[in-house]
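This report refers to the structure that appears directly beneath it.
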There are 2 protein chains.
Amino acid sequence: MAPPFPLPAPMRRALHLARQAQAAGEVPIGAVVTRDGVIIGEGENRNRRDRDPTAHAEIVALRAAATWLDDFRLTGCDLWVTLEPCPMCAGAIAHARIARLYYAAADPKGGAIEQGPRLFTQPQCLHRPDVYAGLAEAEASALLRDFFAARR
Amino acid sequence: MAPPFPLPAPMRRALHLARQAQAAGEVPIGAVVTRDGVIIGEGENRNRRDRDPTAHAEIVALRAAATWLDDFRLTGCDLWVTLEPCPMCAGAIAHARIARLYYAAADPKGGAIEQGPRLFTQPQCLHRPDVYAGLAEAEASALLRDFFAARR
C-alpha cells in the first residue's frame, strides 16, 4: 500500500542507515539530524562495531551534527530516528536542544517518550522538542521484527 | 572536619577530574570506571571543549572503559561520579551493565536516580546497578556551588 504522502527524505535516509546497521550485524536503527531541511549529521547503531555502550544511532548523529556545527547545542535542528528514543537518547536530545523529534516506530520495551519515564513530560526536563511519531512506522517496525526473529 | 573514613581512591580521582574540568571552564564534574578496584576509564565534563552535547563526565568515562575492555558491556565494573547522573547518563549506565554506581552530591535539578524519573526504578529498566550515594558529598557540592556562583 502506498503511503498517504511521500516519506520525507531525512526519514528515508534514517531507514537506509538502519538497513546498513543490520547488514553490519547491529540492531537496525538509524538517525539523521537536519537544519533547515539539510542533513548535517547522521548515525546508525554501532554498539558492537565501536565497542561503545553509548553508540545508539541518535547519539552518533547528534555528535556528528555538533561537530559539523562546531557547537554543543543544536538549537533549531531536527532529529529523525527510526525508533522511539530510550532514556539515554531522550536525555541527549534535551541536552542538545533539538527543536523537533520525528520517530517512526514506538518502543514499548525501551522507549522513553510516550511510555516508561516519558522524559519530556518530567518537570525536571529543561528542554522539550516538539514530537511527531509514526512516520514510516510499519517499515521501521518490520526491520526490527525481522532482525530479532532471525536471532532467535 | 576529617571524614569518618578515608575517601576511596576512585572518588578522590573523580574529584580531581572535576577540578580539572572547572579549570578548563567546564561544569566541574568528574567520573571514573573501575574493575576490581583498578581505574580502567575516566572522564570529566567536556561539552564545551569537544562541542559535544553528550560529553558528560560519565559518558566520557564509560566510553574510555569500553575501549579499554574492547567490549560494549562493562559487566562487573563500577562507576564513581561526583554528581548524581542525569537521565542520559543513567541510561548509559544501564546499557553498559555497570555493577555499582557511587555518586557524591545529589542533583535535585537534573538527577535521575533518587529524584525526577528515578530511572532505575522504572519497570522498563533492564539493568539496575547497586547505588551508593553521599561519598564526598560536601566537597563535590561545594565545587559546583562555587562554579555557578562565579558565573552569576
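Every residue gets a Cβ built from N, Cα and C, even glycine.
Note that this is a predicted model, so its numbers are computed, not measured.
Taken from TrEMBL, the feature domain 'CMP/dCMP-type deaminase' covers A:5-114.
Under a cutoff of 8 A between CB atoms, and with a sequence separation of 6+ in the same chain, the neighbours of A:His56 (Zn(2+) binding site) are A:Ile29, A:Ala31, A:Gly43, A:Asn45, A:Asn47, A:Pro85, A:Cys86, A:Met88, A:Cys89. Annotation comment: TrEMBL describes A:His56, A:Cys86, A:Cys89 as Zn(2+) binding site.
According to TrEMBL, the active site, proton donor annotation covers A:Glu58. Counting only residues at least six positions away in the same chain, the Cβ atoms of A:Ala31, A:Gly43, A:Leu79, A:Val81, A:Pro85, A:Cys89, A:Ala92, A:Ile93 sit under 8 Å from the Cβ of A:Glu58 (active site, proton donor).
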Handout entry: Counts by DSSP class (helix H/G/I, strand E/B, coil) across the domain 'CMP/dCMP-type deaminase' (A:5-114)
Key = 42 helix, 25 strand, 43 coil
Exercise for the section: For A:Cys89 (Zn(2+) binding site), just count the other CB atoms lying within 10 A of its CB, please. Expected result: 34
Fill in the blank from the handout: Students should find that the Cβ of A:Cys86 (Zn(2+) binding site) has, within 10 Å, a number of other Cβ atoms equal to 28
